[in-house]
Ligand code: SF4
C-alpha cells in the first residue's frame with residue numbers, strides 16, 4: 001500500500017484528450033447542471049445517495065476487491081502493513097514469505113538480529129526505520145499483549161510504528177471489524193468524487209464514514225483503493241473508461257477519449273461496467 005505523499009493535484013489541468021461530456025458522462029450530462037452548480041445545491045442526503053450509488057457501481061466494477069497484502073494471521077498482516085509504507089503491496093508480498101518463515105510470531109521477531117532483519121526487508125525500502133518499527137512493535141506485543149495482536153483501535157495505535165491507517169487495515173481484514181483505510185488512493189478518489197474536501201486522513205475517515213454504512217467500511221476501502229490503482233490514477237485518471245464518471249465531481253479532469261482511456265486501465269473491466277471504447281454506449 002503506497003503511503004507516499006499524495007501527488008494528487010487540487011486543480012488538475014485537463015488533458016488534450018478532450019470531449020469529456022461525450023465520453024465520460026459527467027454530472028452535467030445527467031443532472032442538467034454543471035458540477036459546480038450541483039455541489040452548491042447538493043443536500044447532505046443527496047450526497048449520501050450519490051456516494052452509496054457510486055459505491056455500489058464500483059463494487060460491481062471491482063468484484064474481487066480485497067486486501068492485496070498476503071497474510072495468514074493478524075500478526076502477519078500487521079507486519080506486512082508496516083512494511084507497505086512507501087512501498088507496493090506486490091513488493092511486500094515478495095519479502096514476507098521468507099520473513100515469516102524466519103520470524104513466525106512476535107516473540108521471534110522481537111528477538112531478531114537487526115542486520116539479518118534489515119537484509120530480509122531491504123527491498124521494501126526505508127529498511128532501517130522499518131526494522132526499528134518491527135522490533136519495537138514486536139517487543140510491545142510481547143510485553144503488553146502476550147505476543148498477540150490486539151483487536152482494538154486504541155490498543156493498536158499505541159504500538160510503535162502503528163497509525164490509524166495500519167490499525168484499520170488490521171481490524172478490517174484480520175478481525176472483521178469495519179474500518180476505513182485512508183491511504184493515498186482512497187483520499188484522492190473521494191476528493192475527486194466530491195464526497196469530501198478534507199485533506200486530513202482522520203477527517204476524511206469521519207466524512208466518508210458518515211456517508212456509507214459501517215458494515216461496508218472495509219469493502220468500501222478495498223473498492224476505492226482498487227479504483228485509485230486501476231482507473232483513477234494520480235496523474236492521468238482514465239475518466240473515459242470510468243464506471244462512475246456520471247456521479248463524479250471531477251469527471252473530465254483526465255483522459256476522456258474512451259479508446260485512450262481504456263489503455264490506461266490496469267485491469268480488464270467486467271463486461272458492461274465501463275463505457276464502451278467503441279463509443280457505441282455508456283456504462
Ligand atoms: S477516473 Fe476518477 S476523476 Fe475521472 S471520472 Fe472516474 S472517479 Fe472521476
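Glycine is treated like the rest: Cβ placed from N, Cα and C.
Remember, it's a predicted structure, so these values are computed and weren't measured experimentally.
Going through 67, 232 against TrEMBL, the one listed in the [4Fe-4S] cluster site together with 239, 242, 248 turns out to be 232. Classification of residue 239 ([4Fe-4S] cluster binding site) by DSSP places it within a helix. In the three-state DSSP classification, residue 232 ([4Fe-4S] cluster binding site) falls within coil. In the three-state DSSP classification, residue 248 ([4Fe-4S] cluster binding site) falls within coil. All protein chains included, residue 232 ([4Fe-4S] cluster binding site) registers 26 other Cβ atoms within 10 Å of its own Cβ.
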